Amino acid sequence: MTTKTRFAPSPTGFLHVGGARTALYSWLQARANNGEFVLRIEDTDIERSTQAACDAILEGMNWLGLTWDEGPYYQTKRFDRYNEIIAQMLAKGTAYKCYCSRERIDALREAQAANGEAQKYDGCCRDLPARDTDEPFVVRFKNPIGGSVVFDDHVRGRIEFSNDALDDLIIARTDGVPTYNFCVVVDDWDMGITCVVRGEDHINNTPRQINILKALGAPIPEYAHVSMILGDDGAKLSKRHGAVSVMQYRDDGYLPEALLNYLVRLGWSHGDQEIFSLEEMKQYFKLGDINKAASAFNTDKLVWLNQHYIKSLAPEYVATHLQWHMDDQEIDLSNGPALAEVVTALAERAKTLKELAASSRYFYEDFAEFDEAQAKKHLRGVALEPLQLVQQKLAALTDWTVEAIHQAIEDTATELDVGMGKVGMPLRVAVTGAGQSPGLDITLFLIGRSRSEQRISKAIEFVADRINS
């Protein structure tokens, strides 16, 4: 039997990291077993579902590279199918119409609460004969009485629920709209889902869904309920812990490889290995290796992984993701080096692509002023002679190459009998406007000959003015 999994988010908000991890685990379960992965949008909550949220979910999945084989399916486009099954269940007696008013249900719950009883429907309409009336009604599933529902969860082991603890679930509201728990069952059945991977908050839904599947004569899928993600303070992860939307991480400068690597390790492990490519994830992933304890989100670990991938992935690939940040920061690339060359130069120091983009501006744009603190420290009177001499040596170069530039800087220090720092720091501030950059040879090479010479002249003028003031 072909393994078939699904990711079924509700479009009531953006794709958050908890949902992304569930999607990743479900995707890996399919890919690790040469199976199929289905994307389904569970939009039966019509009032809260939005197109913007749906678009954001698809954008997040595409950015992460979690491709799907079927879908996206939308539940709101399948209402005819759900109503067809409900009609069959009413005819077979596995569902019934409930005419209890809201007032009666509220009074029942209040009485049960006052008596310390579990709050559930009492089956008032369960065995009543059919009515020919215009009274409003809901449709309820006739849950089995007695016995229990047992399933073996890939993460949590054997789980058992007493049927007597379950009430007769509403499967269609008074307006005729089918409910979430019912739609999920029909969808999983129709789509041939063999393994359901979802959050632990759905555990209580599982016995109800299994009972409906049994009533329909449908196969029961396997289940894996993964634990929630906590903030570093032990509380449930929320906006106050920082970015929680997947695309916010894109905006903050993280690579999808870093986020995927971080998320897969947030509850799953393979020995002591920390770095996993997608291919390695597919090779090693098993649902049974997921830890059932909650996992704490650690931003420092994510930053570390992001640094690793910025440095280790092909510069040309990193540049495709960096392009978004260059556009976002309005850095015009038309007058400067190839972006992949800048990635190669700056990758060693960069924590995020957002930082990398900001620190690359001087390769493409001239700066109006030198950093005040750096100029005060390095563009003093003693910098005049080194700047003038290095300018002469650079101007004399036949070829503008990294090697030739390096030799010119080194020759300047030798001729003046000073350390490289006495030449390098004033030169760095001169050409970048700041105090940090990659090696000066590659920095000047990427900035270009004409622009480098202009900036050195500007720095010489700045130092001369300070001497004369």
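The backbone N, Cα and C atoms fix where each Cβ goes, glycine too.
The stretch that Swiss-Prot tags with motif ''HIGH' region', taken from the ranges 9-19, 152-162, 328-338, 405-415, is 9-19. Of the listed segments 236-240, 436-440, 451-455, Swiss-Prot assigns motif ''KMSKS' region' to 236-240. Under the three-state DSSP scheme, C98 (Zn(2+) binding site) falls in the strand class. Shown in sequence order, Y121, C124, C125 are the residues of the chain, 6+ apart in sequence, with a C-beta less than 8 angstroms from the C-beta of C100 (Zn(2+) binding site). Nonlocal intrachain contacts for the motif ''HIGH' region' (9-19), taken as residues 6+ away from its ends with a CB within less than 8 angstroms of a stretch CB, comprise 41-43, 45, 48-51, 53-54, 56-57, 59-61, 199, 228-229, 237, 244-249, 259, 263, 297. The record gives C98, C100, C125, D127 for Zn(2+). Within 8 Å of the mean position of their Cβ atoms, the other Cβ atoms in that chain belong to Y96, K97, Y99, G123, C124, R126, L128, R140, D168. Within 10 Å of the C-beta of C125 (Zn(2+) binding site) we count 17 further C-beta atoms, all protein chains included. Every protein chain considered, the tally of other Cβ atoms within 10 Å of the Cβ of D127 (Zn(2+) binding site) stands at 9.
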